[in-house]
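Chemist: Take a look at the following structure, please.
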Amino acid sequence: MPLIRRGDEIRDALLRAKVAAAYGVTHLLSTGEMLSGGGPRVLVPRELAYDNRDGQWRWRDDIPPRNRRLALSPQEIDDLLDRGFPLPEWHTPPAVAKELARARPPRRHRGLVVFFTGLSGSGKSTIARGVADSLRESGDRTVTLLDGDVVRRELSKGLGFSKEDRDTNVRRIGWVAAEVARHRGMVLCCPIAPYEKARTTARAMAQAAGAGFILVYVSTPLAVCEQRDRKGLYAKARAGQLTGMTGVDDPYEEPTNADLVIDASELPIDEAVHAVMHHLTETGWVEPRLQPA
């Protein structure tokens, strides 16, 4: 508790106890540094374990190993809640488990931003559209697709391609995506987003909204992107008719923290879409599809 220390151990301890009681706390534990001399005695906690002989919690060392169940770690509890699995009754009373599940609903019921990044022509928009179609077919999630070209035309009209304008464009996308995800929607974004700092900002916006964030790096090599060049941008950049082209005379900072990396020069689009859907299912953001018998 963020309480100002007064230099008197006993008074500090009593104030801490009074504030804790107001929050419904019944016991306080300490490392032993508190109240080193005089006053109330401090109990330094030992590890508890579940005794399956009679369903009681006891000190770990007082239970024979064959009858001992250690408490779930915070990470294990979070994983069970994220996947929508019930917490075991031996570990958590049903009433408490119900409140925990309400406070941390399964991932499939929470908002999510799937952020595709990669060079122009890498295939990120095509993959994102395929993922959006697959999600809409299942009907499990409300899906919004923020295509880079459409955003440039409708949301970021007037912005150029300087570093400042590129970062502003990504921040706008990140803000809109976070607001949709705040209300438990799923958002697929596919800008080039060449700079690490802007991508980190987009992730922070989603997390501040209580949503998940998955970064998908479509790592199709520059040479392949130039061969495709459906918009003719690379040809213009190589001819000196266009400046600020990412990958030619403007840098692309490859992500080092991508949750999924897809090289669309090695995978057909349908397999790339399947890879994203598999990741969403494995991480609990999408309900598994039942296979036909």
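Here the Cβ of each residue, glycine as well, is placed from N, Cα and C on the backbone.
These figures come from a predicted structure and were not determined experimentally.
These came from TrEMBL, pasted as-is:
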| type | residues | note |
| --- | --- | --- |
| DOMAIN | 110-263 | domain 'APS kinase' |
| BINDING | Gly118, Leu119, Ser120, Gly121, Ser122, Gly123, Lys124, Ser125 | ATP binding site |
Chemist: Identify all same-chain residues not among Gly118, Leu119, Ser120, Gly121, Ser122, Gly123, Lys124, Ser125 whose C-beta atom falls within 8 angstroms of the centroid of the ATP site's C-beta atoms; report them in sequence order.
Modeler: Cys190, Ile192, Val218, Thr220, Cys225, Ala264
Chemist: Taking the Cβ of Gly118 (ATP binding site) as the reference point, list residues of the same chain whose Cβ is under 8 angstroms away and which are at least six residues distant in sequence.
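Modeler: Same-chain residues close to Gly118 (ATP binding site) (Cβ under 8 Å, separated by 6 or more) are Lys124, Ile192, Tyr217, Val218, Ser219, Thr220.
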Chemist: Over all shown protein chains, what is the count of other CB atoms within 10 A of the CB belonging to Leu119 (ATP binding site)?
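Modeler: So the number of other Cβ atoms within 10 Å of Leu119 (ATP binding site) is 23.
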Chemist: Test of understanding: give the count of other CB atoms lying within 10 angstroms of the CB of Ser125 (ATP binding site).
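Modeler: Excluding its own Cβ, the number within 10 Å is 21.
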Chemist: Where does Ser120 (ATP binding site) sit in the DSSP three-state scheme?
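Modeler: Looking at the DSSP assignment, Ser120 (ATP binding site) belongs to neither helix nor strand, so coil.
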Chemist: What's the number of neighbouring CB atoms sitting within 10 A of the CB on Gly121 (ATP binding site)?
Modeler: 23
Chemist: Counting Cβ atoms within 10 Å of each candidate's own Cβ, which of the binding-site residues Ser120, Ser122 comes out highest?
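Modeler: Top count of Cβ atoms within 10 Å goes to Ser122.
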Chemist: Near Gly123 (ATP binding site), how many other Cβ atoms are within 10 Å of its Cβ?
Modeler: 24
Chemist: Among all protein chains shown, how many Cβ atoms are found within 10 Å of the Cβ of Lys124 (ATP binding site), not counting that one?
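Modeler: I count 29 other Cβ atoms within 10 Å of it.
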Chemist: Give the mean pLDDT for the domain 'APS kinase' (110-263) on the 0 to 100 scale.
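Modeler: Mean model confidence (pLDDT) across the domain 'APS kinase' (110-263) is 95.
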